[in-house]
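Database features, via TrEMBL:
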REGION    1-21  region 'Disordered'
DOMAIN    24-76  domain 'HTH myb-type'
DOMAIN    24-76  domain 'Myb-like'
DOMAIN    77-131  domain 'HTH myb-type'
DOMAIN    77-127  domain 'Myb-like'
REGION    161-184  region 'Disordered'
Amino acid sequence: MSQRKGAMAAAVTSSKHHEDQEMMMELRRGPWTLEEDNLLMNYIACHGEGRWNLLARCSGLKRTGKSCRLRWLNYLKPDIKRGNLTPEEQLLILELHSKWGNRWSRIAQHLPGRTDNEIKNYWRTRVQKQARQLRVDANSAVFRDAVRCYWMPRLLEKMGARRPRTTTTGRQRRPQQLRRRHGRWRRKRRLRVPVVVVADGRARRPG
């Protein structure tokens, strides 16, 4: 009897493995089509987001649950903000990264409408690129001090040159609060760093 049960269990396991292999072979890869986007948006409109593996099976999409989740969160979700990051958003990313490191999802919670993928791309294409140009590690103390002493104040100058907003959204800090915070930090540290990093992407050394 035990041998028969063992054989049946092995047969079920083998059948399930075969089905999983067939499903993996049928999965689509590469860019999403407009038809797939519509299928995903219509399904979420009816059933809500979440339970992505179930969504992938029931929606008719031949995509993985992870692929569906990333497509929705990074491209299709209605409240996603478009366009370049503002100086306020860039400053907040630099500040939060100094506290939390590469925890992109946690940082994104403080920038309404921005995705963790977008924030990660900003860090890699702007910040890490700047560090490579200066031939220093992006996580080194020298580069972090340069960002705090020169890049962040430059962003604050850009924010001050713009028309002040009457309201603030989400959890973003007001420019005046950020200026006071960085002013206190610079008076406390008074560091001299060997390189200067500015927000326009050019590296300079103090004259």
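Quick reminder: no glycine exception, Cβ is built from N, Cα and C everywhere.
Counting residue by residue with DSSP, the domain 'Myb-like' (77-127) contains 31 helix, 0 strand, 20 coil. Assigned with DSSP, the residues of the domain 'HTH myb-type' (24-76) fall into helix, strand and coil as follows: 36 helix, 0 strand, 17 coil.
On the 0 to 100 pLDDT scale, the domain 'HTH myb-type' (24-76) averages 91 in this prediction.
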